[in-house]
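Asker: So that we are looking at the same thing, I have put the structure below in structure tokens.
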Ligand SMILES: NC(=O)C1=CN([C@@H]2O[C@H](COP(=O)(O)OP(=O)(O)OC[C@H]3O[C@@H](n4cnc5c(N)ncnc54)[C@H](OP(=O)(O)O)[C@@H]3O)[C@@H](O)[C@H]2O)C=CC1
Ligand SMILES: O=C(O)C1=N[C@H](C(=O)O)C[C@H](O)C1
């Protein structure tokens, strides 16, 4: 997002909300408002979530960036769309109904969803798709590792990668979440493993194994600023778009050509 633009931030005191505000400040953007569910009245510049609608009208931001939880993200996306303000959400863990609500909001105003705003993850997905295409008979296991505060599992990124593998294979694979007891591997299934530990920012590994070789493709995020920068780039692109429901994966390549 370019200097001088004004953004609203939801989930502002969360891990990502804080990273977005820091990245915005570094770029010379103005945070028009910041809200959090239970904002501490002692905290400067963060208001309680119930003031969201009022702040939308009062501060007229160019775009909103949301990293909260599925229920609240749907609420913010719906309200922003009604007000005609473009909104980027990086929240993960949506169910089908919530996803449909996000898509419906896109009919009124630009809405962009991204399960992972790191450029390296987009490259990982491309590499995985290519590998699955040429190693079609190999077993696949996916492991994602995140900090101990993460709520949803598997990660939004893991689900995205699994969807792309299904597309590359031309059919949906059975997703086996962890294994316990007598659980021999069935042909074609994908084992999915979610680890939660310490303050790990986010790692995704796709393992492809044949009988005499393995290929391991891994992305590790070194800092949340990677996600925050990607979300700001997405917002910068979104403010010039017509109403619609957009996915980060579909525009990431355009951003890397222009903004980096
Ligand atoms: N797309 C991407 O690149 C990335 C996506 N994410 C996703 O972003 C989301 C947030 O992650 P993270 O920042 O680590 O989580 P945190 O729990 O650290 O932050 C979420 C924040 O949202 C606040 N919140 C919850 N409900 C509301 C509400 N109704 N109104 C306003 N604020 C609210 C929480 O407040 P309280 O603490 O009071 O509940 C908290 O401050 C997750 O879904 C995560 O998977 C994370 C990293 C990168
Ligand atoms: O909760 C996180 O931290 C992250 N969530 C996203 C996800 O669920 O894929 C992206 C990133 O891995 C960090």
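Cβ atoms are placed via backbone N, Cα and C, with glycine included.
Note that TrEMBL annotation is computational and uncurated.
So TrEMBL says this about it:
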type: ACT_SITE; residues: 146; note: active site, proton donor/acceptor
type: ACT_SITE; residues: 150; note: active site, proton donor
type: BINDING; residues: 11, 12, 13, 14, 15, 16, 90, 91, 92, 114, 115, 116, 117; note: NAD(+) binding site
type: BINDING; residues: 147, 156, 157; note: (S)-2,3,4,5-tetrahydrodipicolinate binding site
type: DOMAIN; residues: 6-117; note: domain 'Dihydrodipicolinate reductase N-terminal'
type: DOMAIN; residues: 120-249; note: domain 'Dihydrodipicolinate reductase C-terminal'
Asker: If you measure from the Cα of residue 115 (NAD(+) binding site), which of the recorded positions 147, 150, 157 is the nearest?
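Answerer: That would be 157, nearest by Cα distance.
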Asker: Mind giving me a neighbour count for residue 156 ((S)-2,3,4,5-tetrahydrodipicolinate binding site)? Other Cβ atoms within 10 Å of its Cβ, every protein chain shown.
Answerer: 19
Asker: With respect to ligand 2, which members of the recorded positions 115, 117, 146 satisfy a Cβ distance under 6 angstroms to one of its atoms?
Answerer: 115, 146
Asker: Looking at the recorded positions listed here (146, 150, 156, 157), whose Cα lies nearest to that of residue 13 (NAD(+) binding site)?
Answerer: 150
Asker: Work out how many Å separate residue 92 (NAD(+) binding site) and residue 147 ((S)-2,3,4,5-tetrahydrodipicolinate binding site) at their Cα atoms, rounded off.
Answerer: 15
Asker: For residue 11 (NAD(+) binding site), just count the other CB atoms lying within 10 A of its CB, please.
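Answerer: Its Cβ shell of radius 10 Å holds 26 other Cβ atoms.
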